[in-house]
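K.L.:
When I checked TrEMBL for this same protein, it listed these features:
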type	residues	note
BINDING	C:His99, C:His101, C:Glu106, C:His146	Mn(2+) binding site
BINDING	C:His101, C:Glu106	oxalate binding site
DISULFID	C:Cys24-C:Cys39	disulfide bond
DOMAIN	C:53-198	domain 'Cupin type-1'
SIGNAL	C:1-20	signal peptide
Protein chains: 6
Amino acid sequence: MIHIFCLFVFLLSNTSYVTAIDFCVADLKAAETPLGFPCKSPATVTVNDFVFTKFIEGKPNIFNFSFTSATVNEFPALNGLGLSAARFDIAVGGVVPIHSHADATEVIIMQTGSLTAGFISSTDNKVFVKTLSAGNIMVLPKGLFHFALNAGKEKATANVIFSSVRPSIQLLDLALFGNNFDSALVAKTTFLDPAQVKKLKGVFKGSG
Amino acid sequence: MIHIFCLFVFLLSNTSYVTAIDFCVADLKAAETPLGFPCKSPATVTVNDFVFTKFIEGKPNIFNFSFTSATVNEFPALNGLGLSAARFDIAVGGVVPIHSHADATEVIIMQTGSLTAGFISSTDNKVFVKTLSAGNIMVLPKGLFHFALNAGKEKATANVIFSSVRPSIQLLDLALFGNNFDSALVAKTTFLDPAQVKKLKGVFKGSG
Amino acid sequence: MIHIFCLFVFLLSNTSYVTAIDFCVADLKAAETPLGFPCKSPATVTVNDFVFTKFIEGKPNIFNFSFTSATVNEFPALNGLGLSAARFDIAVGGVVPIHSHADATEVIIMQTGSLTAGFISSTDNKVFVKTLSAGNIMVLPKGLFHFALNAGKEKATANVIFSSVRPSIQLLDLALFGNNFDSALVAKTTFLDPAQVKKLKGVFKGSG
Amino acid sequence: MIHIFCLFVFLLSNTSYVTAIDFCVADLKAAETPLGFPCKSPATVTVNDFVFTKFIEGKPNIFNFSFTSATVNEFPALNGLGLSAARFDIAVGGVVPIHSHADATEVIIMQTGSLTAGFISSTDNKVFVKTLSAGNIMVLPKGLFHFALNAGKEKATANVIFSSVRPSIQLLDLALFGNNFDSALVAKTTFLDPAQVKKLKGVFKGSG
Amino acid sequence: MIHIFCLFVFLLSNTSYVTAIDFCVADLKAAETPLGFPCKSPATVTVNDFVFTKFIEGKPNIFNFSFTSATVNEFPALNGLGLSAARFDIAVGGVVPIHSHADATEVIIMQTGSLTAGFISSTDNKVFVKTLSAGNIMVLPKGLFHFALNAGKEKATANVIFSSVRPSIQLLDLALFGNNFDSALVAKTTFLDPAQVKKLKGVFKGSG
Amino acid sequence: MIHIFCLFVFLLSNTSYVTAIDFCVADLKAAETPLGFPCKSPATVTVNDFVFTKFIEGKPNIFNFSFTSATVNEFPALNGLGLSAARFDIAVGGVVPIHSHADATEVIIMQTGSLTAGFISSTDNKVFVKTLSAGNIMVLPKGLFHFALNAGKEKATANVIFSSVRPSIQLLDLALFGNNFDSALVAKTTFLDPAQVKKLKGVFKGSG
């Protein structure tokens with residue numbers, strides 16, 4: 001009986017039964033396609049490819065917040081799998097400025113402290129704001145402006161997850177003021193006062 | 001011989017050969033699903049469902065621009081087909097303010113006149129601006145801030161197309177100032193001066 | 001000038017600019033489609049639809065582990081968005097038995113304590129096992145057998161996320177022994193001893 | 001010990017672990033969406049929903065061929081699953097006329113006899129023709145004209161499969177001649193002689 | 001205060017915030033995948049990649065029609081974005097012969113003049129024909145035979161858009177007569193008279 | 001007139017009309033992407049790429065069953081097309097042990113003999129079992145455990161098709177016992193008796 005099974009195993013392991021794809025760890029050095037990176041050779045993949053070990057608090061910036069990303073760039077095992085994660089640690093008074101992620105929904109999973117988070121719908125510009133604490137999850141639908149700030153009395157920590165292996169992040173201030181976007185054009189297309197544009201161009205090191 | 005063919009036709013027309021779906025004209029009164037509207041009964045569909053006849057210049061607003069949309073809302077035949085269109089007529093000096101479309105790429109097909117159009121990438125806040133005239137097509141990748149203005153000497157007309165049957169449109173000024181978004185929160189999350197926020201809240205009829 | 005902008009806002013708010021979809025909160029009482037539930041009427045949606053407030057430790061079972069799910073069933077705002085979450089609290093010695101999720105990748109985000117987690121690839125039956133602690137994320141690719149156990153010295157807490165709004169969960173023991181699956185058929189198709197099958201049928205309250 | 005497991009099973013069966021979707025058998029009476037039919041209530045689904053029992057030779061037409069379809073229309077369990085099947089029995093001399101399936105690849109799995117099958121590429125109008133016999137599979141890429149005929153000496157039987165739950169089928173002759181398509185328009189847009197159009201309009205019972 | 005912001009910008013520009021993908025301009029020299037071309041290096045992308053400048057009337061052929069395509073082949077910025085465009089200029093009496101696009105819906109946006117356009121459904125061979133003029137848009141659902149002709153009194157110009165970055169185009173006459181498709185096989189699978197096949201083989205330079 | 005058509009053909013064959021993609025035969029030597037292999041150069045593709053000629057009974061193993069796969073690995077023309085096939089020949093008493101395919105639905109098309117096939121739902125562990133004979137098709141929804149055995153009196157032959165170009169196959173016994181999966185861990189996570197685990201480790205040549 002045992003002998004029979006051995007043959008069975010032998011047969012199986014020499015057929016196409018054992019060639020199907022389970023994962024596609026990114027080969028970050030190869031050229032991307034619209035749907036992700038080519039796969040690293042499966043023969044070189046080990047369990048360590050599937051574990052990201054630095055999902056820890058980052059170095060706080062002078063605003064007392066830090067973030068750590070685990071997107072396909074830092075964690076190639078996510079390639080083709082459609083989700084990624086980040087960790088935020090926001091000190092009292094810290095602000096994550098208004099930004100949006102094209103084509104990625106974000107879900108905030110609060111760990112400690114509290115955050116006031118919100119998004120603005122595009123259909124009627126309705127503002128959805130809520131103060132979150134541990135035990136709360138909030139959905140920020142894809143593509144909409146959103147923000148968060150720590151209006152509480154202790155540091156806030158949250159895990160956030162995205163429905164994309166690498167969400168784009170367009171930060172309002174950097175898009176308008178942190179580049180060489182012509183100041184007159186900024187003013188015309190935003191209706192901000194030229195003086196305001198000039199001031200923030202200074203703050204965000206933009207030119208133009 | 002002819003007799004034989006008639007039978008053949010008869011057989012075919014009584015089988016599942018003739019039941020497959022070619023289109024799914026939206027029943028706009030039914031509840032939407034994440035992937036579109038339920039289909040209107042095929043028996044009631046005529047050629048007129050496939051033709052939208054009002055793709056014409058709209059009434060100019062006081063800024064001397066107008067637009068006409070042909071999304072699934074106005075043109076239900078687009079349901080499930082993944083694209084839609086709009087027409088813009090922009091007078092000299094007209095501005096289409098900064099906005100973004102979550103998950104829809106836009107393509108501008110210039111007809112007459114000229115437009116200065118641009119978008120800002122999220123990866124490095126690089127500004128891509130170009131002045132377009134008849135014979136030019138420009139791609140505005142999905143989810144990114146973009147704008148257009150007529151800096152020319154005559155009216156500009158363009159067809160724009162979207163990779164979505166009904167793109168969401170998030171207009172920066174309306175999202176920040178055209179609603180009850182708390183002014184202090186706007187200032188904190190955008191770094192705009194409170195006075196600037198207050199002024200534009202007034203302009204865009206916002207409160208808060 | 002202000003007067004002009006008001007008209008502008010008025011014009012915008014009466015056009016298709018403001019009809020596009022930002023989200024599709026599930027109407028759980030309507031019949032599902034292969035791609036999700038029909039949407040709840042947007043007019044009835046509030047910020048509370050986007051916040052799930054019970055993402056807390058569940059009642060420990062006698063194995064000293066608990067879990068709390070936030071799938072589309074408990075959190076309808078996830079409808080159509082392609083991801084969901086759960087929280088696990090596993091006491092020392094606790095085991096999450098071997099199971100798989102068809103078409104959903106799982107990512108474990110460790111919070112406290114440690115877990116030994118693993119999955120088995122289908123291509124060559126290779127076992128990928130790792131002991132995780134706070135700061136570690138592990139990817140369990142879609143569709144593969146996986147498990148976790150707390151071999152540490154304190155309670156382990158983890159958030160897990162899924163690339164599906166409601167992952168199916170097929171637990172090996174319940175699929176084989178927790179139903180009326182004919183025992184002889186189980187033995188024949190698994191090569192387990194009939195006595196073993198009978199014993200576990202008893203444990204998992206199965207019949208047949 | 002057994003007592004413990006029973007509690008475990010009890011706990012599991014009262015949670016969202018057991019609510020995920022495994023299948024979505026079509027409710028053919030409900031309105032379709034672009035991605036398929038709403039699901040029949042899972043409570044009413046039995047094993048018989050998953051078995052189609054009439055995948056047998058159909059009644060031969062006077063051309064001595066028959067076909068039997070198992071698409072979502074006849075076999076609602078296919079809803080949302082992306083594939084369907086049909087059986088062809090073609091007598092000596094039988095012809096499956098030129099047709100195409102929008103957005104469905106077809107794969108012919110020969111059972112008995114032989115068939116000469118072919119398709120025409122769109123890129124350079126290259127003709128790919130092959131005579132197939134038992135043990136052969138042929139791929140007919142989606143959307144391209146293809147045909148088959150039995151040039152052998154015995155009946156040919158084949159299973160065909162489609163990458164769609166219900167492929168559309170556009171048959172050249174019926175599209176041109178089996179309807180009220182204006183004959184002058186047919187001639188102009190096909191470059192066929194008016195006399196040829198008229199003749200085939202007669203054969204295929206068309207008018208106009 | 002300004003100093004603080006500068007640090008903020010610095011921090012952001014050294015993180016994965018700035019690595020996400022906004023676009024994937026095709027590297028046409030690399031091997032395609034089923035979902036598109038690998039991306040050109042983002043560092044080499046400029047605004048000119050996003051602007052196609054030759055969307056102008058082509059050289060009229062002796063039928064007095066011309067067309068100009070902007071697919072991913074001519075306009076690599078469309079890679080991965082799911083849509084493309086073309087311009088048609090059709091003189092009085094010009095005909096765009098019957099053809100189909102596998103898996104691409106076409107939308108005609110009339111500019112000047114008039115066109116009689118139509119498609120044939122596959123489910124019941126119903127003909128949908130309409131004469132279009134400026135201000136009309138018509139949807140031609142994916143995969144179906146369609147055609148257009150200028151039955152008006154002036155040149156007709158239209159922009160057409162496709163729900164594919166590069167629609168395949170299968171033209172009936174070229175598929176049947178513009179290649180080495182065996183004439184006897186053509187006759188058998190289309191029911192055209194052999195003389196008709198022979199004549200059109202001559203016209204379209206086919207052989208066989 | 002003929003002269004005119006020739007020019008027409010000439011014009012068409014020098015335009016982008018003839019560049020669209022009809023198929024993407026896999027270049028199996030190139031690195032895979034999450035969505036498939038890069039395409040083989042179209043210039044080297046012939047009709048033989050579209051025909052798989054070895055879809056025949058395999059060599060029976062000592063259990064008297066054989067199988068032959070036609071996945072993208074053996075039949076590169078399937079690349080990007082979303083389906084594949086296999087042939088099973090199962091002698092009296094033969095068993096296809098419990099296994100699952102992540103993200104691939106399987107459809108069994110019975111040819112000769114009879115098979116008892118079944119699957120287990122994940123939502124309530126319900127067992128769906130049916131004895132199939134020629135003329136029956138059975139759907140095994142993606143990701144669920146399933147099995148088949150020949151309880152009849154003659155050899156059974158079936159074609160099976162998958163909604164994937166290369167389904168992964170996770171066989172319960174090989175995943176648990178046919179590798180170096182630590183025996184204590186197997187016992188803990190499956191609740192099988194250690195002696196049972198040890199015995200099957202021996203049978204399936206596992207270690208640990």
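Note: Cβ is positioned from N, Cα and C throughout, glycine not excepted.
How about a rundown of where these features are and what they're close to?
P.N.:
The Cβ of C:His99 (Mn(2+) binding site) lies under 8 Å from the Cβ of C:Phe145, C:His146, C:Phe147, C:Ile169, C:Gln170, C:Leu171, C:Leu172, each on the same chain and at least six residues away in sequence.
Around C:Glu106 (Mn(2+) binding site), the C-beta neighbours below 8 angstroms that are at least 6 residues distant in the chain are C:Val139, C:Leu140, C:His146, C:Val160, C:Ile161, C:Phe162, C:Pro167.
Every protein chain considered, the tally of other Cβ atoms within 10 Å of the Cβ of C:Cys24 (disulfide bond) stands at 25. Annotation note: C:Cys24 (disulfide bond) sits in a coil segment as assigned by DSSP.
Summarised by DSSP class, the composition of the domain 'Cupin type-1' (C:53-198) is 22 helix, 57 strand, 67 coil.
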K.L.:
Show which residues of the chain containing C:His101 (Mn(2+) binding site), separated from it by at least 6 in sequence, have their CB under 8 Å from its CB.
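P.N.:
Listed in sequence order, they are C:Lys142, C:Gly143, C:Phe162, C:Ser164, C:Pro167, C:Ser168, C:Ile169, C:Gln170.
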K.L.:
Other than C:His99, C:His101, C:Glu106, C:His146, which residues of the chain come within 8 Å of the Mn(2+) site, judged by Cβ distance to the Cβ centroid of those residues?
P.N.:
C:Ser100, C:Ala104, C:Phe119, C:Leu140, C:Leu144, C:Phe145, C:Pro167, C:Ile169
K.L.:
Over the domain 'Cupin type-1' (C:53-198), what is the model's average pLDDT?
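P.N.:
That region's mean pLDDT is 94.
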K.L.:
Name, in order along the sequence, the recorded positions among C:Cys24, C:His101, C:His146 with a Cβ closer than 8 Å to any chain B Cβ.
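P.N.:
From C:Cys24, C:His101, C:His146, the ones near chain B are C:Cys24.
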K.L.:
Near C:His146 (Mn(2+) binding site), how many other Cβ atoms are within 10 Å of its Cβ?
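P.N.:
The answer is 22 other Cβ atoms.
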K.L.:
With DSSP assignments reduced to helix, strand and coil, which class does C:Cys39 (disulfide bond) get?
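P.N.:
Note: C:Cys39 (disulfide bond) is in a strand by DSSP.
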K.L.:
Other than its own, how many Cβ atoms are within 10 Å of the Cβ belonging to C:Cys39 (disulfide bond)?
P.N.:
21
